[in-house]
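Visitor: My questions all concern the structure below.
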């Protein structure tokens with residue numbers, strides 16, 4: 001008789017609400033802290049995962065504080081502070097270029113409605129570019145000094161965000177999953193949408209319509225061919 005293999009669990013978690021989420025700014029790579037509501041969302045996520053019997057072998061996280069703080073809260077609630085955590089710029093949010101830090105209506109007044117909104121509609125459309133000497137540009141931030149400057153964005157389409165994370169997904173995350181490791185990935189809405197795209201085989205048009213809520217664990221159960229057999233929110 002063939003032994004029935006348990007599905008492999010993978011959890012994707014968007015960070016809790018940030019101050020700029022609350023105030024409706026384009027955030028991107030802006031390093032913004034959690035709001036009080038976001039801290040509560042992270043606590044709730046940790047309790048939900050613990051109550052549902054989840055545990056993890058390793059965690060992945062972006063370089064941005066709102067994701068890092070969310071992960072720290074979840075790990076504390078679950079008693080998993082000892083776990084190794086892989087932090088990488090490749091899991092950072094999509095870069096919103098010259099829109100970063102702006103509210104939508106201010107951006108529309110400055111850049112026009114189509115230049116502002118096309119990147120919210122089209123998979124291959126990027127926001128207006130930052131100038132290379134802009135202090136918001138990752139090339140001017142010491143934390144990214146070790147990254148090849150040619151790989152650091154001045155703005156990103158969703159297609160470019162997918163291309164940024166794909167090497168990490170294919171060369172690091174998927175091999176861990178193939179070994180049966182239970183992973184928690186804490187990141188950002190647009191970045192997580194590109195992971196969902198690869199997991200579920202969605203099109204660019206489909207992920208542009210997808211929404212991932214702050215602080216709600218998105219759980220996958222994968223067979224040993226890494227095909228999702230179950231997908232649900234806690």
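Using the three backbone atoms N, Cα and C, a Cβ is placed for every residue, glycine included.
According to Swiss-Prot:
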{"type": "ACT_SITE", "residues": "15", "note": "active site, tele-phosphohistidine intermediate"}
{"type": "ACT_SITE", "residues": "93", "note": "active site, proton donor/acceptor"}
{"type": "BINDING", "residues": "14-21, 27-28, 66, 93-96", "note": "substrate binding site"}
{"type": "SITE", "residues": "188", "note": "site 'Transition state stabilizer'"}
Visitor: Radius 10 Å, atoms counted are CB only; among the binding-site residues 20, 96, which position scores highest?
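Guide: The residue with the densest Cβ neighbourhood is 96.
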Visitor: List every residue in the same chain as residue 16 (substrate binding site), at least 6 positions away in sequence, whose Cβ is under 8 Å from its Cβ.
Guide: 34, 35, 37, 38, 39, 40, 41, 42, 45, 66, 69, 70, 73, 214, 215
Visitor: Hey, does DSSP put residue 18 (substrate binding site) in a helix, a strand, or just coil?
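Guide: Note: residue 18 (substrate binding site) is in a strand by DSSP.
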Visitor: Let me know how many other Cβ atoms fall within 10 Å of the Cβ of residue 66 (substrate binding site).
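Guide: Other Cβ atoms found within 10 Å: 29.
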Visitor: Within 10 angstroms of the C-beta of residue 14 (substrate binding site), what count of other C-beta atoms is obtained when all protein chains are considered?
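Guide: Within a 10 Å radius of the Cβ of residue 14 (substrate binding site) lie 29 other Cβ atoms.
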Visitor: Taking every protein chain in this structure into account, which of the recorded positions 15, 94 has the most other Cβ atoms within 10 Å of its Cβ?
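Guide: Selected residue: 15.
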Visitor: Please compare the binding-site residues 18, 27 by how many other CB atoms fall within 10 Å of each one's CB, and tell me which has the fewest.
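Guide: Fewest other Cβ atoms within 10 Å, among the binding-site residues 18, 27, is found for 27.
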Visitor: Write down the Cα-Cα distance for residue 188 (site 'Transition state stabilizer') and residue 94 (substrate binding site), rounded and given in Å.
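Guide: That separation, Cα to Cα, works out to 8 Å.
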Visitor: Relative to the Cβ position of residue 93 (active site, proton donor/acceptor), how many further Cβ atoms are located within 10 Å?
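Guide: So the number of other Cβ atoms within 10 Å of residue 93 (active site, proton donor/acceptor) is 25.
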Visitor: Have a look around residue 188 (site 'Transition state stabilizer') and count the other CB atoms within 10 A of its CB, chains all included.
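Guide: Result for residue 188 (site 'Transition state stabilizer'): 24 neighbouring Cβ atoms inside 10 Å.
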Visitor: Which whole-number value in Å describes the distance between the Cα atoms of residue 96 (substrate binding site) and residue 188 (site 'Transition state stabilizer')?
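Guide: Here the two Cα atoms are 13 Å apart.
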